[in-house]
Amino acid sequence: MHKVAFRHNIFPKDILDFNPRLINARSYLYPGEELILPVAPTGQKRTECRGACVKEFSLQDLERYMKKWLDHQLAEITAIGHSVMERPLYLIKLGHGKKRVFYSGGWHANEWMTSKFLCDWIDDILDHHRQQKHYYGTNVTDLFKEVTLYVTPMVNPDGITLVQQGNYPEHPYHDLIKEINKDSPTFDHWSANIRGVDLNHQWPARWQKEADESPQMPWSRHYSGTAPLTEPEAKAVYSLTKAGDFTYVLAFHSQGQVIYWGYNGMEPPESEQMVRQLSLHSSYVPVHTADSDAGFKDWFIQETGRPGFTIEVGAGINPLPFHAYGEIWANNVLLALEGLKM
C-alpha cells in the first residue's frame, strides 16, 4: 500500500479512508483488485530523500535504479542467474582494480532493507563519481582504480516479493505457500525463498549439522533444503564466487547491529583487524562466531581461507519498520566504504 500511495502522491491513510475493507497500511493489495484513490493534492510531489524509507523496496525499484546506472562509465550490469520464479539475480560491477570484493544483500525475504541500502549506496557513490566529488573524503575515481566491487543486492527476489505482495490464488506457488504458512495470510515472518528453503542455510559448511537442527520440511525460515546448493539462487552466488576470486566478501543481513567475522577458527589472522575497522566506521559490535553453520560467509571462509563478514544491520524485528532505515543508512555508509579500503 505504501508503494501505491507514493506513486499517486498520497498517503496510506488516504487509501484506508476510501477503502474500508482494508484493515491497515500493511494490508496486501492483490492483482486484479480495485481501489478507490482520492485525487492527489496539487503542489509539492512526495519524494524519498537519501537515508529515508517511505515504501518497500522491490525488484522493480532495483531495476529503475539500474536504468539510471546503465550509461555510467563506472558501472557494468549483468545477471548471474535466475530465481525459482525466473526473476533475474542482478550483479552490479564497479571499477577495474586488482582487488576484487563482493557485497550481497536481500538473502532473506523479510530483509529487503539490505537491498535498498546497497542500491541507495551505489547510487550515492555513482552520483559523486559523476560530479567528480569526494565521497566522505575519498576520491572515488582513484578508489575504483584499485578495487573492483561486485554487488548482488537482491539474492532472494521471489521471497521479497512474497513478503511485500502476499499470496493469491493465481500465484504459481500458491498451494505450497499456503501449506507452509499454515493458511496465515501474512508473511512478515517469512525469510525463505519461494520454495521454503533458507538461502543462508544452503552452504556446504557443516551443512548436515545445521540441517539436523533445523525444520525438516519446507518452512518459512531455517529449512536447509534436501542437500547443499539445491536452490538456483544459492547456485548462482556459488558459481559467481567460485569464478570471482574475491579477496573478501561482505553479506548484509538484518538485524542485530553486529558483525560476524569468524568461522570455527578457519578465518585468516587479518580478519580480526579488518572487523575492527568495520566496527569503528559503524559502531556495530564485532562477534567472532554465530551459533549456526551452513551460511554463505561460513562457506567462503572454509572454502578459501580468506576473510568473510556478515553485517547484521538495524535493530528490532524483521521486516524492520521504515523509520529504522535512517540508522541503517547512517551506520553503514562509511562501513561499506571502509569495506573497499581494507
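Cβ from N, Cα, C; glycine included.
Listed in TrEMBL for this protein:
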- 55-340: domain 'Peptidase M14' (DOMAIN)
- GLU312: active site, proton donor/acceptor (ACT_SITE)
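Sequence-distant neighbours of GLU312 (active site, proton donor/acceptor) (same chain, 6+ apart, CB under 8 A from its CB) are HIS253, SER254, GLN255, GLY256, GLN257, VAL258, ILE259, TYR260, TYR284. On the 0 to 100 pLDDT scale, the domain 'Peptidase M14' (55-340) averages 98 in this prediction.
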